[in-house]
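Novice: Quick one: the structure is below, questions incoming.
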């Protein structure tokens with residue numbers, strides 16, 4: 001089929017291609033309504049108007065070969081109907097925010113996610129619910145300007161619970177905001193170089209990239225690409241600014257290549273004349289996550305994302321293109337084997353000038369073919385698992401308009417924390433600081449603010465919940481190191497190696513999905529693991545990647561850990577084993593319903609036998625995989641203690 005061939009799209013009917021193709025344009029049943037037709041026309045500024053048959057029929061669009069879909073009605077989830085009726089994520093949230101109630105209704109709960117907020121309540125309080133809202137920012141590459149950091153610090157004290165939380169996707173979370181203060185807080189973030197737009201909801205979330213501010217071509221290109229992907233996939237219909245700053249626009253200038261890629265409809269990707277050319281009324285079936293990095297640097301947990309993008313450079317260090325990986329995702333449901341964590345797999349290589357078009361084609365494939373009937377199966381990993389990578393690649397290539405080239409060979413990956421002092425490459429330094437579970441509060445919060453304010457420092461948040469202070473002059477290093485250490489922000493040689501790689505989600509008391517403790521429980525767990533290490537004779541500098549979540553949704557990516565603990569009951573965890581230190585292998589479920597007070601019974605035998613039976617430089621995760629789970633359970637059952 002030639003790229004110039006077009007066809008007309010009658011409203012409400014699938015379009016038949018040329019006879020030799022015998023393929024119809026795939027249509028999304030979820031988009032079919034009187035106000036929402038695939039590639040139909042919409043009123044501007046988010047006011048939907050039904051397309052007339054004549055106007056729809058006269059709108060030429062490019063022919064795209066995609067698998068035919070049946071014309072039978074498809075069941076849709078409740079959230080799909082809420083999105084459809086929302087006038088592009090406005091109604092009824094706009095009305096609910098004006099009521100005297102401390103909370104919003106169920107429809108508004110779903111919509112406010114797109115604005116970057118979750119409604120919560122303290123689950124440990126009895127005698128009623130004390131509602132509040134968690135706000136999450138959007139910070140591509142984890143970049144936080146000085147002005148925004150100081151604003152977030154102020155807002156946490158004035159309107160939050162006095163702490164900031166650094167997330168596993170390089171953003172802030174601000175807990176405890178009351179409904180009556182939402183507009184004040186949101187508008188303050190927007191007016192101080194920040195945004196929460198799309199930090200939650202069924203659309204592209206924050207785009208990860210290495211937080212290190214190296215002045216190197218590949219790192220700078222990766223971060224620029226992350227910024228451009230974030231801009232490309234940012235909502236365009238204005239609902240966010242209408243809601244929080246009365247329609248006033250605070251958007252920064254976009255690069256011409258982003259605008260061109262977004263508006264390009266040469267392969268039938270866009271909703272014509274819609275205020276949301278990529279998302280339409282329905283947005284995506286579920287959340288969507290993207291990470292960009294450079295070879296060897298897996299600080300971003302590359303394979304856990306819907307799309308992973310890796311810069312490929314020539315022998316002179318000049319970026320030439322990208323390897324792309326698709327189909328990663330962590331979330332699953334206990335006792336439902338049809339849900340699973342999954343690693344992304346290679347789809348191919350594209351030249352650098354095509355990256356936005358390739359990413360858009362992948363997103364559109366998920367938009368058109370991802371499931372919208374059951375949200376447990378709506379992530380792109382399930383689509384790829386169902387189709388297989390070959391069929392998925394074929395469909396993406398039709399929206400991309402080109403064939404993917406074979407992936408380029410890359411060196412081995414490693415996890416990079418960026419803790420401690422490093423030269424940036426421009427005469428300045430950056431300093432990576434470990435923050436347990438990303439929780440910034442108390443004297444640490446006060447001291448960080450003083451340093452960041454005094455030296456006018458920009459910061460970056462890492463995907464491991466840590467913080468990086470940027471652009472530090474040599475003469476500032478000593479005084480900054482001293483004052484930070486006094487507040488407990490230590491150089492990495494003074495931080496337990498177990499803590500350096502550990503992560504936990506917030507869980508109780510505010511997360512509505514938590515089954516058991518995570519952030520509040522991990523300090524004790526790590527101390528107990530350290531005691532077990534000492535008991536079996538493991539050295540202090542030996543470590544295991546430990547991640548803890550309060551539920552199976554996987555926010556702290558426990559399924560990539562060497563030792564993952566996933567809440568499966570009160571004070572109870574499912575134990576996962578087999579991840580690797582470089583985050584390139586997925587763990588497997590080893591044991592269910594392990595009570596928190598019984599962890600030593602499981603862990604100590606494993607650590608003991610790892611110490612005595614491992615191969616040269618064999619990590620704990622590699623050891624558990626090599627031994628096999630049946631053998632490991634036998635070692636636990638027959639363990640007689642260190643004296644054996």
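Including glycine, each Cβ sits where the backbone N, Cα and C put it.
Automated prediction, rather than curation, is the source of TrEMBL annotations.
OK, TrEMBL features for this one:
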- 42-71: region 'Disordered' (REGION)
- 48-60: compositional bias 'Low complexity' (COMPBIAS)
- 61-71: compositional bias 'Polar residues' (COMPBIAS)
- 132-188: domain 'Nitrite/Sulfite reductase ferredoxin-like' (DOMAIN)
- 227-404: domain 'Nitrite/sulphite reductase 4Fe-4S' (DOMAIN)
- 422-475: domain 'Nitrite/Sulfite reductase ferredoxin-like' (DOMAIN)
- 501-641: domain 'Nitrite/sulphite reductase 4Fe-4S' (DOMAIN)
Novice: Can you say which of 132-188, 227-404, 422-475 has the most Cβ pairs under 8 Å with the domain 'Nitrite/sulphite reductase 4Fe-4S' (501-641)?
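Specialist: Most Cβ pairs under 8 Å with the domain 'Nitrite/sulphite reductase 4Fe-4S' (501-641) come from 227-404.
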Novice: Could you give me three numbers for the domain 'Nitrite/Sulfite reductase ferredoxin-like' (132-188), the DSSP helix, strand and coil residue counts?
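Specialist: Final tally across the stretch: 27 helix, 16 strand, 14 coil.
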Novice: Please average pLDDT over the domain 'Nitrite/Sulfite reductase ferredoxin-like' (132-188) for the predicted structure.
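Specialist: Across the domain 'Nitrite/Sulfite reductase ferredoxin-like' (132-188), the average pLDDT comes out at 98.
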Novice: Please list the DSSP helix, strand and coil residue counts for the domain 'Nitrite/sulphite reductase 4Fe-4S' (501-641).
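Specialist: Helix, strand, coil within the domain 'Nitrite/sulphite reductase 4Fe-4S' (501-641): 54 helix, 27 strand, 60 coil.
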